[in-house]
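Annotation comment: Swiss-Prot describes SER61 as active site, phosphoserine intermediate. According to Swiss-Prot, the Mn(2+) 2 binding site annotation covers ASP11, SER61, ASP439, HIS440, on the basis of sequence analysis. The substrate binding site feature in Swiss-Prot is assigned to HIS124, ARG154, ASP155, ARG185, ARG191, ARG260, PRO261, ASP262, ARG263, LYS333. Per Swiss-Prot, the feature Mn(2+) 1 binding site maps to ASP398, HIS402, HIS457; the stated evidence is sequence analysis.
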Amino acid sequence: MKKTVILSVIDGLGLREEKQGNAFKLAKTPNFDKLFNEYPNSVIQASGDYVGLPDDQMGNSEVGHLNIGAGQIVYTGLSLINKDIKDNKFKQNAKFIAAFNAVKKNNETNTLHLMGLLSDGGVHSHEEHLFKLIEAAHENGLKNVSVHVFGDGRDVAPRSILTSIKKLEAITKKYNYAIGSIMGRFYAMDRDQIFTRNEQALEVMMGKTTNYFTNASEYIKAQYQKDISDEFFIPAINKDYLAKKLNLKDNDAVIFYNFRPDRARQLSHLLIQSNLYNYQSKNQVKLSNFTSMMKYEGLDTNIAYEEMKITNPLGNILAKNGLSQLRIAETQKYAHVTFFFDGGNDVLYENEERILIDSVKADSFADYPEMSAAGITDTLIANLGKYDVIILNYANPDMVGHTGNLKATIKALEFLDFQYGKILKAIEKTNHTLFITADHGNAEITEDENGNPATKHTTSPVMLIVTDKNLKLNSGTLANIAPTILDYLKIPKPKNMLDSLIMNNKRTSK
């Protein structure tokens, strides 16, 4: 009988023995217990140099799906940029120099705006890249540089930005530059097409606000006193900076230093007035230069760093071998099972279909821990037997885990466990084999050792479970999963892919 494969990627669920703050261990998960006890499984590394990130760097959804789909270790923005910094090439990047030169055409009145997530989390950005850009701007003779700070509090601790702000205050003071505005990523980095949030961020950068600060650190402390954490800082502008007319205006230049694109695209769309979305901003500015750290898919920007090219990911190999495939995800992770899974390529393969399940629009997914998992499961079950390979993503462990709400994350995992129970029942006595993995850790550390919320990703390994009892699996990395699936389907893997994790000497055919 012809084998068919379901690859289910759980977003943000690592493996960890300790129970403290571990939503996975604390949740009641009879179906996961059955999967681990009755089926072949192994441990998969999903962080650091195992997935093309710096040593000990936590994994993330983009990198995870890139590695799973590529079948090889993908060196991503953070690694590429850090290498250039180490090799003293970063400041000589031609796209940065072009942005500097655009400002210097009228150095007295034009301003360079550096915007992005101020964090050492390394998921969307890294603060070291910002500091090097500031140094480079000074070395190139720029008079006016403004930094627009996006608070993180999600990929790092919820109230951790003051350490980074102190560094930024020191370097901007050294070169007589400014912290122009402060806002939470909730506003500046929305990706759910809630453009009112992006508009609020843009209006503040343009000076269209009466919410002021004069000292960045003091403003942040005041936000904390109102129980507002880094992610949700109310957008505010530096009053002194506004008085000097250094707000975002025509003929200024922007370098958006986030290297991860998904949460940078909407704000960038507003800034360059692209055609990517139907929404057009009422707040328009004519920039002399807009440079993005990496490619922001669908936007015409000056790209400082090109991503590693993945030309033959799993989806392409399946298509070339005549197999049909279906991708299923909700809005929050749809790009991950399509664009990122396909190596950063926006392509629809022959015999490929995609189904998008709408995410709940919510200020906090802790209020909706189930998210759209049930819709994903129902869609999967309705399409069994119609495709050779089905690839899907469950978003709720990651998105709810990011809230740091342990009880809600437990609920998310118990609901996810119920989904796997439904899937196991549906594929019983069929030729479908379920591969379950995760892209990175998160939900297994939802509280720190002091009981405080933990909202960031982790360096924990993840699972690989295969519902074929005839197999035995080696341990490996996320990049081993695609060749394992190809091996299982008896399709030769490309030379650039890593090895299959199936122990051939233990395997018997059905």
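Just so you know, glycine gets a Cβ as well, placed from its N, Cα and C.
In this record, substrate is bound by HIS124, ARG154, ASP155, ARG185, ARG191, ARG260, PRO261, ASP262, ARG263, LYS333; the longest C-alpha to C-alpha distance in that set is 18 Å. SER61 (active site, phosphoserine intermediate) and ARG191 (substrate binding site) are 14 Å apart (CA-CA, integer value).
For ASP155 (substrate binding site), the Cβ neighbour count at a 10 Å cut-off comes to 22, with all displayed protein chains included. Shown in sequence order, ASP11, GLY12, ASN60, SER61, ARG154, ASP155, PRO397, MET399, GLY401, HIS440, ASN442, ALA443, THR455, LYS456 are the same-chain residues outside ASP398, HIS402, HIS457 whose Cβ sits within 8 Å of the Cβ centre of the Mn(2+) 1 site. Listed in sequence order, HIS124, ARG185, MET189, ASP190, ARG191 are the same-chain residues at least 6 apart in sequence whose CB falls under 8 Å from the CB of ARG263 (substrate binding site). Taking the centroid of the Cβ atoms of ASP11, SER61, ASP439, HIS440 as the Mn(2+) 2 site, the other same-chain residues with Cβ within 8 Å of it are VAL9, ILE10, GLY12, ALA46, GLY59, ASN60, GLY64, HIS65, LYS333, HIS336, ASP398, ALA438, ASN442, HIS457. Around ASP439 (Mn(2+) 2 binding site), the C-beta neighbours below 8 angstroms that are at least 6 residues distant in the chain are VAL9, ILE10, ASP11, GLY12, ALA46, GLY59, ASN60, SER61, VAL63, GLY64, HIS65, ILE68, HIS336, VAL462, LEU478. Listed binding-site residues near ASP398 (Mn(2+) 1 binding site): HIS440 (candidates ASP155, PRO261, HIS440; Cα-Cα distance within 10 Å).
With a 10 A radius on its CB, PRO261 (substrate binding site) counts 27 other CB atoms from all the protein chains. Comparing the Cα of HIS402 (Mn(2+) 1 binding site) with the Cα of every entry in ASP155, PRO261, HIS440, these being the binding-site residues, the smallest distance points to ASP155.
Of the listed binding-site residues, namely HIS402, HIS440, HIS457, the sparsest Cβ surroundings within 10 Å are found at HIS402.
For the pair formed by HIS440 (Mn(2+) 2 binding site) and HIS457 (Mn(2+) 1 binding site), distance between Cα atoms is given as 7 Å, rounded to the nearest Å.
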